[in-house]
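Undergrad: Attaching a single structure in structure tokens format; questions to follow.
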Amino acid sequence: MPTIVHLVIISFLMAGGQRLQRLNKSCILLIAIAGIERFAFKGVSSNLVIYLTDVVNLSNSSAAKMVNSWVGFTSIMPLLVAPIADTYWHKYSTIMASSFLYFMGLVALTSTTLARSWYHRNRTMSSSFLSLSLYLISLGQGGYNPSLQAFGADQFDDDEELPCSKDDRTAKSRTLFFQWWYFGICGGSLMGVTIMSYIQDTLGWVIGFAIPAISMLLSILIFSCGSPIYVYKHLDDHQAKMQFTNILQAIKSSALKCFHCGITLPNDKSEVSELELQEKPLCPEKLESLKDMNNKDPKSGMYVPSNAKVVLRLLPIWTMLLMFAVIFQQPATFFTKQGMTMKRNIGDFKIPPATLQSAITLSIILLMPLYDKCFIPIAQLITRQDKGISVTQRMGIGMVLSVIAMVIAALVEMRRLEIGRASRNSGSKSEIVPLSIFWLLPQYILLGISDIFTVVGMQEFFYGEVPKTMRTMGIALYTSVFGVGSFVSALLITIVEVYTSSKGIPSWFCDDMNEARLDNYYWLLTWLSVVSLLLYALLCKYYHNKSGSDNEN
């Protein structure tokens, strides 16, 4: 498998030509570090549902909810940590502190697994430590991921090159950085899913969790060694603190308004002065009004913090992306449990079900060059735009592909249940359905293709729609989509389980996979995603991105 990965990387480099040379050494080093981190994380998360059901003895629904809740908490932590990191900490120190917590969480997880294998009686205590170790990983990753990506974007020489440049050349450079960043984390994810799921299934869970811990320690050492070549950009601390305070004051003002405190906003736009997102000097005639606005009490009607408005204007689109995130929770949970019941032998070798998640990352790595070489030129001919399609259109195409993937998943599950019933009626007592696990590949591959469009687009969209002093916050908004989406997924499982159980029929998530009705759950996700997609298209019709506003001004 490492040989295959190396060939894939070489093919991607060849397809990209000399474009990688536009990224400096520090940028390339940070992309490699991000890949190592993804190897460690995917080495734990991709097969965690099997560990919880087979070793910890949780039910299918309980294991899926625990994985969803943990992934959700992990992804939403950056949204909580990023504003504080932007305001009070520098990115470098945040990365170092967070990576240490991350490493300690992986060490605790390994120790917990080792203790469980030694002391079989004390399962309650080991389960508690299991949860603590997982959430320690979440805490560390909360500051690590957005800070590392924002720190990587800071490595460009021109301070204005990312994200707010008006010319097309720098816009393409921004897209190039995020695509290579995403290539790096996909390469790490591919290695983590394929290698670690095999090690965990064959050599045991202790070594299967110890290797990610060692990998994380290695990434910390590499990051420290690169300190002399990094570009450090220290923004005005007072300005950053003012922005963080403005957001808190806006929330306070909104809360007071809800309690009828008589707060009103002026209707006349001339009475309100807004900060320019581009952070260019304001016109002289507006300078006094800006000072007045900064000195206003939030309880007065004149106080309208622009940074709070930036976040609020992104929330509708952020909300519509949640169903896309819900769909992406399925490969690590129910898709993997499906694979456990299907024929997965190739000769004497038995395929670990979690390995199929590598089809997502492999399709991303293989097809990413085609996006630039094939899709963009065709799109340019159709739309007559320099970039081919806008960022919001890119995200929308990915959402459409994710809906198609769920339709295929539902049809395959219906076929699996049909063959399983026929097998039982013929007298077979085996729990393994005589249907190849490779029937699941199309839905994995389609999710990988949708990832190229939506996830890369989300990174560029949320990073580019916020001011420079809120860049870490922009990355956190992107990751929080998957965090809240994971919680929504867990909530949906709970609601469906309660609803089906109340009707006196087996739950859709029954532990007996041949009695479960995952196909119905997949159809439910399909319809909810279609509704979300239609609302997203409607919102994008009336949304004007920041760069578009810049050009108009």
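For all residues, glycine too, the Cβ spot is worked out from N, Cα and C.
Automatic, uncurated: that is what TrEMBL annotation is.
Below are the features listed in TrEMBL for this protein:
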type: TRANSMEM; residues: 70-89; note: transmembrane segment
type: TRANSMEM; residues: 95-115; note: transmembrane segment
type: TRANSMEM; residues: 180-199; note: transmembrane segment
type: TRANSMEM; residues: 205-232; note: transmembrane segment
type: TRANSMEM; residues: 310-331; note: transmembrane segment
type: TRANSMEM; residues: 351-371; note: transmembrane segment
type: TRANSMEM; residues: 391-412; note: transmembrane segment
type: TRANSMEM; residues: 432-454; note: transmembrane segment
type: TRANSMEM; residues: 475-500; note: transmembrane segment
type: TRANSMEM; residues: 520-539; note: transmembrane segment
Undergrad: Compare 95-115, 180-199, 310-331, 351-371, 391-412 by their Cβ pairs under 8 Å to the transmembrane segment (475-500) and return the stretch that comes out on top.
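TA: Looking only at 95-115, 180-199, 310-331, 351-371, 391-412, the most contacts with the transmembrane segment (475-500) come from 310-331.
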Undergrad: For the transmembrane segment (95-115) and the transmembrane segment (205-232), check the count of CB pairs under 8 Å (sequence separation 6 or more) and say whether it reaches 3 or more.
TA: yes
Undergrad: Mind checking which residues of the chain, 6+ beyond the ends of the transmembrane segment (520-539), have their Cβ under 8 Å from one of its Cβ atoms?
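TA: For the transmembrane segment (520-539), the far contacts come to 316-317, 320-324, 326-327, 330, 334, 395-396, 399-400, 402-403, 406-407, 409-410, 413, 492, 496, 508-509.
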Undergrad: Any chance the transmembrane segment (205-232) and the transmembrane segment (310-331) are in contact, meaning at least three CB pairs closer than 8 A with a sequence separation of 6+?
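TA: Contact criterion not met.
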Undergrad: Select the range from 310-331, 351-371, 391-412, 432-454 that forms the most Cβ-Cβ pairs under 8 Å with the transmembrane segment (180-199).
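TA: Ranking 310-331, 351-371, 391-412, 432-454 by Cβ pairs under 8 Å to the transmembrane segment (180-199) puts 351-371 first.
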